[in-house]
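Trainee: I grabbed these lines from TrEMBL:
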type: BINDING; residues: K103, Q166, G198, D229, K372; note: UTP binding site
type: BINDING; residues: H199; note: substrate binding site
Amino acid sequence: MGRAGCYYGNQDQQETLCLSDRQEHLQPKQTDYTKNLFHRFLQVKGPSVKWDKIHKPPEDLIHPYDKIKAQGLPDSVAASLNKLVVVKLNGGLGTSMGCKGPKSVISVRNENTFLDLTVHQIEHLNKTFNVDVPLVLMNSFNTDEDTKKILQKYTHHRVHIHTFNQSRYPRINKESLLPVAKDLGMHGDHADAWYPPGHGDIYASFYNSGLLDQLIAAGKEYIFVSNIDNLGATVDLFILNHLMTQPKDKRCEFIMEVTDKTRADVKGGTLIQYDDKLRLLEIAQVPKAHVDEFKSVTKFKIFNTNNLWISLAAIKRLHEKNTMDMEIIVNPKTLDGGLNVIQLETAVGAAIKAFDNALGVNVPRSRFLPVKTSSDLLLVMSNLYSLDAGSLTMSKKREFPSTPHVKLGSSFTKVHDFLTRFESIPDMLELDHLTVSGDVTFGKNVSLKGTVIIIANHGDRIDIPAGAVLENKIVSGNLRILDH
């Protein structure tokens, strides 16, 4: 809770950015932030936005990625890379996929975890350009201890790895509006009384850890922030160069990567123009009468990937002036005992309106490849993607740039169950849509093409035989194969 630490790829460089445990020092500050968030929550009346004040962002504030890429790169990008820090949001657990511990240690490709792939990506950058791009992990109290044990395996990698912890806030009883926690303990009956307050906490916790100041002192200027489970969120040299070549008097302090919305993204936050500022609009802020309008892919055509490029100096300035106003997200939960609680959270992208000369960059969909479910896991494990230096790229054999729509039923939710149902991952290069429901298993070397629907009714079991080729088929409970 408020600690920062570091791990080094090169043992001869083990000085500089290690920080001691600051928990006792930080506790009063954390209490102040909790109180401040709670008081703001009590004062908020009605929606945080007025619908008639929402406007589409001006074209000059949403830059097309193709135009940025067309600018090319200078002979050496090393100078820019040496001013960059990669920050991964690593506070989440793998419980939704049936795993224990940090989500970042789930194997997603060739026995590589999210964390392995991230380290490989940055090490490749550091070796290729002879630079020092450090990796910073924002852990939570849920993931910190386990993550630090795992980081020892990267001792001989050419990456400096630093960690700091986001805050822990008390959950609030929905009826009484009193904290559920009776004391500061984290064990036994108190284990579920606390929560990490969303990734918007990055600004305060990064600052309070001391790591922000030390990175600035080391000559770092920008952080590239993303979710650790977004396998498309790699360091993009063209966006970095675009940041670094802005005129000094119009230096961009914040870039949000957005991408075109599809039917699967209708709930994603979007960029709007509001009070002459770029602003992130989340579905939770939308008045009920306008939710369908918000979900429209014609009016709101882009959504936030949560890949963000942010000025370190600006974070320091805004935090010290206390002008980083982020909307409160009220997240209702029900604890195991049935108690209804609320969590007050903030989102890192919501601070965009506080930064000078903020921009959106409309990036290809390939930069948004999150793995939230086993359906996502099937995609990234398949031959749709190839792996190179920790980065996944769409296979050139795939004729369409879009990924198939995959929906696996509840029998596949847990990673362990998912893996036991596939003797090998099917060939999916020509797949458009896959729906699987019920007790279904796949033999080796299965090929799926076009639209495939496999439904085993309750009590039935379907075993797709090894070598089967299913193209535009419905497979029913008795394994009859019908044209679709």
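Every residue, even glycine, has its Cβ placed from backbone N, Cα and C.
Remember, TrEMBL labels are computer predictions, not curated facts.
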Trainee: Quick one: of K103, G198, H199, K372, which of the binding-site residues has the smallest count of other CB atoms within 10 A?
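Mentor: Per-residue Cβ counts within 10 Å for the binding-site residues K103, G198, H199, K372 bottom out at K372.
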Trainee: Just how many other Cβ atoms lie inside 10 Å of the Cβ on Q166 (UTP binding site)?
Mentor: 28
Trainee: Which residues does D229 (UTP binding site) neighbour through Cβ under 8 Å, counting only same-chain ones at least six apart?
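Mentor: Result: G92, K103, S104, F114, P370, V371, K372.
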Trainee: How many whole Å apart are the CA atoms of H199 (substrate binding site) and Q166 (UTP binding site)?
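Mentor: Q166 (UTP binding site) has its Cα 8 Å from the Cα of H199 (substrate binding site).
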